[in-house]
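K.L.:
First the structure, which I've put down as structure tokens, then a few questions once you've had a look.
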Amino acid sequence: MKEPSIVVKGARAHNLKDIDIELPKNKLIVMTGLSGSGKSSLAFDTIYAEGQRRYVESLSAYARQFLGQMDKPDVDTIEGLSPAISIDQKTTSKNPRSTVATVTEIYDYIRLLYARVGKPYCPNHNIEIESQTVQQMVDRIMELEARTKIQLLAPVIAHRKGSHEKLIEDIGKKGYVRLRIDGEIVDVNDVPTLDKNKNHTIEVVVDRLVVKDGIETRLADSIETALELSEGQLTVDVIDGEDLKFSESHACPICGFSIGELEPRMFSFNSPFGACPTCDGLGQKLTVDVDLVVPDKDKTLNEGAIEPWIPTSSDFYPTLLKRVCEVYKINMDKPFKKLTERQRDILLYGSGDKEIEFTFTQRQGGTRKRTMVFEGVVPNISRRFHESPSEYTREMMSKYMTELPCETCHGKRLSREALSVYVGGLNIGEVVEYSISQALNYYKNINLSEQDQAIANQILKEIISRLTFLNNVGLEYLTLNRASGTLSGGEAQRIRLATQIGSRLTGVLYVLDEPSIGLHQRDNDRLINTLKEMRDLGNTLIVVEHDDDTMRAADYLVDIGPGAGEHGGQIVSSGTPQKVMKDKKSLTGQYLSGKKRIEVPEYRRPASDRKISIRGARSNNLKGVDVDIPLSIMTVVTGVSGSGKSSLVNEVLYKSLAQKINKSKVKPGLYDKIEGIDQLDKIIDIDQSPIGRTPRSNPATYTGVFDDIRDVFAQTNEAKIRGYQKGRFSFNVKGGRCEACKGDGIIKIEMHFLPDVYVPCEVCDGKRYNRETLEVTYKGKNIADILEMTVEEATQFFENIPKIKRKLQTLVDVGLGYVTLGQQATTLSGGEAQRVKLASELHKRSTGKSIYILDEPTTGLHVDDISRLLKVLNRLVENGDTVVIIEHNLDVIKTADYIIDLGPEGGSGGGTIVATGTPEDIAQTKSSYTGKYLKEVLERDKQNTEDK
């Protein structure tokens, strides 16, 4: 019987050239090939898109309107498709409320655990809270000041959706006259219609009393009635005071601290029932940061030490500052750090109630006298940020503010009540501060009573199972409260992978995009085993991947190419990894078999005395690290995932240099001092973020070559006759562009319930320019024709214009010859965007004082692309510049001049320097995981060289 398979016929998405391919089902299939060869076009834009479209088509029209219309991919037929799930890197939630624990649903089970077996403790007296009797409630109320007016309320609905008409009617029938609905007292016969889609709180007014001697009996009767109505809950509305909450279940006998019935939503920071009231469950508050207000404490007040009050068009604040200094005898020519603590406090936090009189010049001319209390710079910024109606003012003030942990919950996000409940000696805020490996160990060994163990058994099983999956995909160093928005693409993808394994689905087609990104070689085996486990459940996995180990572990390998863009889009080779390795046409096969490889450099540039010295780096998990980064060579920072590489390079090195060199407002991670910055004049962070957020940005505009091309068109005879200047050939301004589409070339049609549809502009035919502009040609081509050329074609077309050719050649050098000059920035992959940025740096004149920082530049790159990238990076170093790279890829690590290896483990087990030196030095360091794998690679390369 024939093995089941997925049969694709006539795939033409993007650059695919009418591909026919048969893929075995229930196998681990890896698709590889050069960057831009068409891997994602086949895996995501054809196979996954059709699987998803067919599933959506099977739903009702009502459901489809919320999911959106899915276009049919450009393919003739696909047979044997299963329901498809895509696990890519673009769907990371940036919501500040989303954490590792919430995304993986572990937090839901932890909340349930605390609600079922949690023990509440009084935060004031640290004693377990027991249930309250009616007598205890009476005694507590009688402690209120005499003549205090109170209302006894029975909460019958607590923050639930619905119109609740039947309930209100029943309350009226029982003889109750008043209700408190969402904080407002209303007559039971006069209740407005409640919005059924909103949450409401309804409390019955059981009695209204004035606190005085002799009311105890009536009070006790009314409390019993209220408790009966609301299943053991009581709210006392103290007129002109705060509500008191009582429960038959929990309250402190000493101070009366009481807590409602334990339920899961009480432990949710996304619910008003559980969230900290100060920060609304975010754990952080935007607070004025004195270090941003006074960035350089060596400056005097006259030199502009207080940055937000540096003179602008109005001299209001400078005049006020001068007057304050006169009144309090503060020397304005003394460095800020040498002022007394009292003087600094007056400037920053105000002068109390003392009024100050001063005269200032108004913007429109003329002077004005003011008498006011000096509030201080910090309260002034805070007030203007929170109260100003001007968006511009709020934006300006926010530059001097930082997210700091909330003072009430200390960053734990939850209310005081929620944090008073303990399981196994920890509250829920403490548990989520654990890393995944620590949490797994804690829950496996948790100590519960026999009764609690019986209740918690099933919940613990779910928690342990999910933590185990996360541990198995190499994420043991992540803390449960880590914000999703701070995860790398690879981490977010592996979290989704672990969640999918937890669902234990079978018969599904999973399409993954480079799951090994950001993963150290040490953890690769665990990831591959996870993929095999998913396959063994009866699923088909299509993985777009360049990782050597993953390709070798595949059941079926597909090499797409042979080149990129127009030169790709074909199946070069497919079959088992062994079959592909024997195929001489397959570039991937040649690298896998060792016939081709990235060579170890014949010599390494020695580290000179010129260096950046970082002392006492303590950002995130760094443990007071001291490290030197040599200048004018290529340094690679290595270490297992979570060891502190990004903390050292991005948080400390980059942000501190950006602050000093670029006068950036970013706040670097903690460190004691950094020396050697004066040897640099430029810092460039070449990351994988888009080169532009709109379709108007493209490689030609980003690299600046489009300016030169427009100059060429403005110099043509036709342009001179017509009086066209350079601006005529821009699609961003009026004049030469098509006004029907405003130079976009496409028109957006809003479809309301369906997704917006983009269609080519009928007036300009998608060419972006008006007819008159397109009549101007250079060598037979108009400006729109130029934008449609690939970089390679344009390089030949402009070969006689050195200025243009030089810039275009840098794009070819970084492997982007296949990209069109006008390709929308939004359609470039992260790796392509990064290489466009590199190209734009390559054609600039070097001073030899620049430092380039790259974070995993090999993401999305084939070995052949990496070889090209390394040549480009070495060109930068040959100019005398410095390159610092965070990388796991051994081909990059082995070609480094100098390595800084962090670790030894991830998370709390990392944050120290394991070894520094050349790759050969690291390979001899037994305590280095990187060294272990590097040694194997260096020995294998040496062996291959000798064999030749």
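Cβ atoms are placed via backbone N, Cα and C, with glycine included.
Sequence annotations record features per position, and here Swiss-Prot assigns ATP binding site to 33-40, 639-646. Sequence annotations record features per position, and here Swiss-Prot assigns domain 'ABC transporter 1' to 309-587. Summarising the annotation, Swiss-Prot assigns domain 'ABC transporter 2' to 607-935 and lists sequence analysis as the type of evidence. For 252-279, 738-764, the entry in Swiss-Prot reads zinc finger.
Can you walk me through where each of these features ends up in the structure?
P.N.:
Around S35 (ATP binding site), the same-chain residues six or more apart in sequence whose CB sits under 8 Å from its CB are A564, G815, S829, G831, E832, G860, L861, H862, D865, listed in sequence order.
Remote same-chain partners of the zinc finger (252-279), defined as residues 6 or more beyond its termini with a Cβ less than 8 Å from a stretch Cβ, comprise 97, 102, 108, 110-112, 114-116, 118, 120, 122-125, 127, 129-130, 132, 136, 140, 143, 158-159, 232-233, 244-246, 285, 406-409, 412-415, 417-418, 420-421, 428.
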K.L.:
Going by DSSP, is G33 (ATP binding site) part of a helix, a strand, or coil?
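P.N.:
Looking at the DSSP assignment, G33 (ATP binding site) belongs to a strand.
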K.L.:
Which residue counts does DSSP yield for the zinc finger (252-279) in the helix, strand and coil classes, in that order?
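P.N.:
Helix, strand, coil within the zinc finger (252-279): 4 helix, 3 strand, 21 coil.
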K.L.:
Measuring CB to CB from S641 (ATP binding site), give everything in the same chain under 8 Å that is also at least six residues away in sequence.
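P.N.:
Set apart from S641 (ATP binding site) by at least 6 residues yet with Cβ under 8 Å, we have G474, L475, Y477, E491, G518, L519, H520, D523, G906.
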K.L.:
I'd like to know the mean pLDDT over the zinc finger (738-764).
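P.N.:
The answer is 81, the mean pLDDT of the model over that range.
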K.L.:
Which number gives the other C-beta atoms within 10 angstroms of the C-beta of G639 (ATP binding site), all protein chains shown included?
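P.N.:
For G639 (ATP binding site), the 10 Å Cβ neighbour count is 29.
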K.L.:
Cβ distance under 8 Å to G33 (ATP binding site), same chain, sequence separation 6 or more: which residues?
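P.N.:
Those within reach of G33 (ATP binding site), by Cβ under 8 Å and sequence separation of 6 or more, are K39, D559, I560, G561, G568, V572, T588, H862.
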K.L.:
Could you say whether, by DSSP, K645 (ATP binding site) belongs to a helix, a strand or a coil region?
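P.N.:
Looking at the DSSP assignment, K645 (ATP binding site) belongs to a helix.
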K.L.:
Translate the DSSP assignment of G639 (ATP binding site) into the three-state scheme.
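P.N.:
G639 (ATP binding site) sits in coil per DSSP, no helix or strand.
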